[in-house]
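Encoded as structure tokens, the structure appears first; notes follow it.
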Amino acid sequence: MLSLPKRRKIPSKPANVTIESCPPARNLSQRQIPEQLEQPGSQQILPSNFGYSQFVDQMDLSSTNVTSNTPEFQAVILAGYGNSLTPLTNDHKETASPKALLPIGNKPMITFPLTWLEDAGVTNVLLICPYSHRAAIAHHIHSGISSSFSTLRIDIQTYEDDNPPVGTCAVLRRFSSRIQSDFVILPCDFIPPPNLLLSTVLNRYRANIDQLLISTLFFQVPNDDEEKNCEDPQILPLVAYDEHSKTLLHVDYNTDMEADELTLHMRLLWKYPKVRIATRFADSHIYVCRRSILTVLALKPTLESFREDFLPFLCKTQYRKGKRFRWESVLNESTNVPNYPHSHSISSRATSRASSAPVSPITKVSNTSKSDIRCGIEIYTLKDGLAGRANTLKSYTRLNHALLHSGSSRTTPNGNLQNIDAKAQISSDCIIGPSARISERTSVKQSIIGQHCVIGRHVRISNSIVLDHVVIEDGAKIDGCILGRSAHIGAKAELSKCVTQPGYEVDAGAAIKNEKLETVEWDPRVEED
């Protein structure tokens, strides 16, 4: 048993609770392995990635100059309902409010992964969303606003609103016929920092394409996610990895596991004697995958969650003989095998698999491939810049303010001065959308104002996010709020730390604090628990 730092849990309603920061990841040295344990053969001790890291250190992995022989990846973008972002994603009358179009710094969040893909030279995109969201997302992608995505071939596929697939694994099974090559999965809500290039992640996969089943990206979570009044409970996984070879060895989201104990397979420790263990990283849900893992998903229909079920399963195939012997022939089945630009990329994956037909994982074969299989990991820390997923109200607010203070996405009122009264006070750390009207003696500080908003006189707005087409009448005070699209705030109303659904109306003179403002329709067919 290994002693571990306690897993950090972000409480749903913590009242004056202080949580200690997680200690740094620790090393498990060779000396901690029991001496009486019989050492395996030399083939098991010899690192399978010998020479790889030295070669990679000499490569410019951030380069986007990809030759015509470089394997092309297909991107799979998942744009779900956004249940964790309610009430912002509630329907407005008969109009859907797609999560993918919620703005980050006045840009629809799906703009960020699409731009990331375009910069990396990935052009073939499969975008999967609910049927009710298709029209709005397609209009955004094909409108003049998104003309910069002209190099992308975006195939929008939908699933029925009354029968949605449960979990990423189910989504991939349903649309596997449209994935024809190795692919990269991206959520529509991931906001990468400017200095993190997708091409860096893809090139690391290309550099060791013969071994990697999957390559993942984890990012460090800011400490403010542990502060009180955190809105959404979140469990950060326990991650074990080898820093030298960038190999993901173990990941666990099991909340019932003993907080101070972890069992690791000794075969894993012999192969990777310096395991690092951390509980401060979150899964970005970005996975660079072999296409053959779709075959495994088809053969294991009970798996639902990619990160909680399938990713731990793939990690175990690296060091458990039984799992590896059973699934290796399927995982190594031939998919797209181009001519690689680097000599080290030509290996058994391109040669041994081409001459053999896929073998059932149930059938035991004697000529199993000797090539190694690994799960890769990329770690992105806060010192490199803020990255994250806008998949909760807390993270959505944090990422908006991060872009606000960075100034990289800031738009100034230039060109809209005729709609902003000369006596209005707007601080330099604000983003004002086009065609927004701001009346006299109104103050806006550290806030984002969407397009076509109408703000009356003597209004005070601070630390807030105001989405498009919002109307705020005279004398209202807004502090630390998120106002949904087309919301209407009455005169002299006071809102503090509130979130409204699209189209919500606040009465004049109302005073509301720490509330989610939404209209709930009662359905007599739904029984109470």
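Keep in mind that glycine also has a Cβ here, set from the backbone N, Cα and C atoms.
Per TrEMBL, the features are:
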type: COMPBIAS; residues: 1-11; note: compositional bias 'Basic residues'
type: REGION; residues: 1-22; note: region 'Disordered'
type: DOMAIN; residues: 75-208; note: domain 'Nucleotidyl transferase'
type: REGION; residues: 338-363; note: region 'Disordered'
type: COMPBIAS; residues: 341-361; note: compositional bias 'Low complexity'
type: DOMAIN; residues: 420-507; note: domain 'EIF2B subunit epsilon/gamma LbH'
Helix, strand and coil totals (DSSP H, G, I; E, B; other) for the domain 'Nucleotidyl transferase' (75-208):
53 helix, 31 strand, 50 coil
Using DSSP, how many residues in the domain 'EIF2B subunit epsilon/gamma LbH' (420-507) fall into helix, strand and coil?
0 helix, 35 strand, 53 coil
Averaged pLDDT, computed only over the residues in the domain 'Nucleotidyl transferase' (75-208):
89
